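Undergrad: Just passing along the structure, written as structure tokens.
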Amino acid sequence: MVCVPYLLLLLLPSLLRVSADTTEPCELDDDDFRCVCNFTDPKPDWSSAVQCMVAVEVEISAGGRSLEQFLKGADTNPKQYADTIKALRVRRLKLGAAQVPAQLLVAVLRALGYSRLKELTLEDLEVTGPTPPTPLEAAGPALTTLSLRNVSWTTGGAWLGELQQWLKPGLRVLNIAQAHSLAFPCAGLSTFEALTTLDLSDNPSLGDSGLMAALCPNKFPALQYLALRNAGMETPSGVCAALAAARVQPQSLDLSHNSLRVTAPGATRCVWPSALRSLNLSFAGLEQVPKGLPPKLSVLDLSCNKLSREPRRDELPEVNDLTLDGNPFLDPGALQHQNDPMISGVVPACARSALTMGVSGALALLQGARGFA
């Protein structure tokens, strides 16, 4: 974490310790486009990261170690390096595998505030200690995309609101996977005015009730795409209720890779968001078309389920783009392939997708513009 290009400028005196007899932990490609650092050595040469200052994409893993030793540089004012930071090419930054004091993370964000960074990924991090007091105005980067995977925070569910205060407005894509807490105190959360894509996939313990707690009412007014793959969703009606409570109007909803149950006959009917046009229910274990789906759906993916018959036209009156591949009524061997992807030498589409989901833990979601200034 500490070796991001910006913080290097803050901590340069303590980092210039070059060892000629050790393998470089950082590698920069021939085009000076991508730089990857993996500090797994017991005594890492942090200064190797200096070469990453010319790259557009930077990925840094701290080898699972604590970065508390660098706290002494966290109070350095990055303004003195503003011109140098602005000149850096980096647009995408990934930081991972470290125990990071919250004070140090904030110092990095303050330095990044002078950069042209657009996409930030935090992965396998343990953020420790209290977060510094909220600034009078956001001093961090103007991100378009923020992705977090397996990041824990001492502050519990308050982490998103605290992190949000250090980011400039304008975030359009937010991905949160393997979160330790998604029960956000809504009073401490500011409105995500520009957020169009929210991906809460790969949070299998979330469930319908957890979604209700995560989607704070009126905080996502511009939301267009909501992804809930492998998020422990239980029924379409439960998801519908959470969307209604949050007063969001997504145009596209992904509920694939959840074991969905059919809504109970006596359940209260839910009114889906009127803007919803596309719904992904693939890999949901469905044996029949769920009742009470959004009435204005035009795109529906029911592939790789357990449907024994083709849906009737009156069940899906407005759908003109329907995907049914991998269901038993089309392929008698579909169930066997879903249960055992390696049953034959040729891996069918449904099995390939399931294997990909298992290996990656998530399908990368990058909706919205990738225009870098």
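Numbering starts at 1 and runs along the chain as it is shown here.
Quick reminder: no glycine exception, Cβ is built from N, Cα and C everywhere.
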Undergrad: Let me make sure I read this right: Swiss-Prot says Cys35 forms a disulphide bond with another cysteine. Which one, out of Cys3, Cys52?
TA: Cys52
Undergrad: For the repeat 'LRR 7' (224-250) and the repeat 'LRR 5' (172-195), check the count of CB pairs under 8 Å (sequence separation 6 or more) and say whether it reaches 3 or more.
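TA: Not in contact, no.
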Undergrad: Using all protein chains shown, find which of the glycosylation sites Asn38, Asn150, Asn280 scores highest when you count other CB atoms within 10 A of its CB.
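TA: Counting Cβ neighbours within 10 Å, the top one is Asn280.
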Undergrad: Taking helix as H, G and I and strand as E and B in DSSP, count the residues of the repeat 'LRR 8' (251-276) in helix, strand and coil.
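TA: DSSP composition of the repeat 'LRR 8' (251-276): 0 helix, 3 strand, 23 coil.
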